[in-house]
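Quick look at what Swiss-Prot lists:
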- 64-83: compositional bias 'Pro residues' (COMPBIAS)
- 90-143: compositional bias 'Basic and acidic residues' (COMPBIAS)
- 165-184: compositional bias 'Gly residues' (COMPBIAS)
- 196-280: domain 'TonB C-terminal' (DOMAIN)
- 51-217: region 'Disordered' (REGION)
- 1-5: topological domain 'Cytoplasmic' (TOPO_DOM)
- 28-280: topological domain 'Periplasmic' (TOPO_DOM)
- 6-27: transmembrane segment (TRANSMEM)
């Protein structure tokens, strides 16, 4: 605390001295110059005594013209500063340049190849089969008109076979008997065996089937030979076409008529039935 009290007056004193020095300097700078006394020159106005050039007295010298203000020289026009264009410096090409990778073109999906339609096979015309004359069975005297009979010993597998029709007679071997009737010619033959796999063979007849309308319009004719398998009791088991007429409509009509036909048989019998379609 004592030191602070001693320093404070000293600081104030030093600041005061600095101010006094500054005031003295300013006073010396602004001090007016003193005119020294010396010989005094007096100016006498000579205009009152008349002029020497014959001008009346009292006429003073002409007043000096007022100085005209000197015009200020024009300021030099500064030329427009040129606009500096930026200089583009190109770097020297590198010795080794990497080629730019070109974008690979996108692969377009290949169109699916449509399968070529297979050419349809041309339907070949079915040649008409040559009509064969139907062999007439040899007529033999029978015990009753229109009937045929054959007798044999039953122990040796012989049996009786009868058939009726417009024309027809014959003999057969085997167990049982068969009978056919209708409007077409029937033939009877002989066969051996008594099972479904080995039936008796005989000729028979069926009612004449209806002539198909389209076949009549197209003038379709021919003979169909059928193989009809008959079970014991006269039921038709199957009908097969042995020989076609060359026209499917005629074949189907004959087959349908055979399936609806009636046969008499006591054993498995296979009948061979010809059906002739003829337009008058």
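The backbone N, Cα and C atoms fix where each Cβ goes, and this holds for glycine too.
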Segment-level pLDDT (mean, integer) for the topological domain 'Periplasmic' (28-280): 64
Secondary structure composition of the domain 'TonB C-terminal' (196-280) [DSSP: H/G/I, E/B, coil]: 17 helix, 32 strand, 36 coil
